[in-house]
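**Student:** Please read through the structure below; I'll follow up with questions.
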Amino acid sequence: MREILHIQGGQCGNQIGAKFWEVVCDEHGIDPTGRYTGNSDLQLERVNVYYNEASCGRFVPRAVLMDLEPGTMDSVRTGPYGQIFRPDNFVFGQSGAGNNWAKGHYTEGAELIDSVLDVVRKEAENCDCLQGFQVCHSLGGGTGSGMGTLLISKIREEYPDRMMLTFSVFPSPKVSDTVVEPYNATLSVHQLVENADECMVLDNEALYDICFRTLKLTTPSFGDLNHLISATMSGVTCCLRFPGQLNSDLRKLAVNLIPFPRLHFFMVGFAPLTSRGSQQYRALTVPELTQQMWDAKNMMCAADPRHGRYLTASAMFRGKMSTKEVDEQMINVQNKNSSYFVEWIPNNVKSSVCDIPPRGLSMASTFIGNSTSIQEMFRRVSEQFTAMFRRKAFLHWYTGEGMDEMEFTEAESNMNDLVSEYQQYQDATADEEGEYEDEEQQEADDM
């Protein structure tokens, strides 16, 4: 019931995905061979959100793994939980996308996409009532961005009424892996605006900062970063998998978070984040979780919520706690920081409570915010895009795969439109509406 089909693509997506399955397996008491070794009926009650039960009693993730080169897939397969995935669900090419969006979207990726869709269909047919898809990918490379967005648009055609949730790793402001990141990211956002329902925006630099500043790790690895991401991913769907007093699902989340269809890019946060040594010295309380969760330093993308305003936000608490206290804390946050919330959406923070905390914690919370300050991410990528595109730098790699310059121009203006939409709602006030009506009335009279 209410299954979610997980898809991971490209190197980044596969590495995040692998970590995510470690976390979810741990929560449901499933060992690396797919056997249940847990100690609570609650772990099994709705295990089928993310798992198929095979005939021999093994639990198999509803996961599709794709890449245009075999390398990362091999390391997932040999990793700690590599044996749990269905072998047919690994779909990979040999050529690689070479960090080129066009290769992922139009040439190499297009050749592989049908075999990926076959696996997706097979998994979807195994579902009793498919709720939606969650896609892990990065926007800076070739496969996750190009082929990832191709797959999203194909799934959109075939399953138009199912939720499409993405965990998208944006290029970082200061750390760059590839020169052509701005191109790949802009072309991807162009697709995500149209075809995804909810995008959780992540970026490595913000994750590094959390590891340095809050977790006090001196040399964070991608594994540490991905662990942060997977804690958030597990938090987003915990209400579907464990009983709670205030449930939420992907669709409820969307209804509460998206005031305008194009503005579906969210910043995420997680609490408690404490360094490994100091965990046992703190008692967790709802106020403390709330305070940390709303802290700008805890956001997993390089945009500062204090530079914009929240259109909406959602908080998911996990653990044994009083819902009354949760509600009070949420109202408290809105009252104390009212200037950071748009006043034309009253009560714009939704909260949900799930009774089962993550492993090793007594309580935890996941934060998802729809803030206008996310435009900083798009603005930054857009500036880098324009700088290169003006000189047509690196463009031949894309046109050589059959792309047209026109597509770049469209993607660029779509991204800039998105930025101005966020800006427009950041500046909007509740009483402006009245002024417009007066003007219209005036015009009508003049006519």
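Glycine is treated like the rest: Cβ placed from N, Cα and C.
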**Student:** Based on Swiss-Prot, name the residue from Gln11, Gln43, Gln245 that is recorded for the same GTP site as Glu69, Ser138, Gly142, Thr143, Gly144, Asn204, Asn226.
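**Tutor:** Given Glu69, Ser138, Gly142, Thr143, Gly144, Asn204, Asn226 bind GTP in Swiss-Prot, the matching entry from Gln11, Gln43, Gln245 is Gln11.
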**Student:** Please work out which residue of Gly142, Gly144 has the most C-beta neighbours within 10 angstroms of its C-beta, and give that one of the binding-site residues.
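**Tutor:** Per the Cβ count within 10 Å, the most buried is Gly144.
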**Student:** Could you work out which of the binding-site residues (Ser138, Thr143, Asn204) has its C-beta surrounded by the smallest number of other C-beta atoms within 10 A?
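**Tutor:** Counting other Cβ atoms within 10 Å of each of the binding-site residues Ser138, Thr143, Asn204 gives the minimum at Asn204.
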**Student:** With an 8 Å cut-off on Cβ-Cβ distance and a minimum sequence separation of at least 6, pull the same-chain contacts of Asn226 (GTP binding site), or say none.
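**Tutor:** Sequence-distant Cβ neighbours: Gln15, Ile16, Ala18, Lys19, Phe20.
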**Student:** Can you tell which of Gln11, Glu69 has the least company, meaning the fewest other C-beta atoms within 10 angstroms of its C-beta, among these binding-site residues?
**Tutor:** Glu69
**Student:** Indicate whether Thr143 (GTP binding site) is helix, strand or coil by DSSP.
**Tutor:** helix
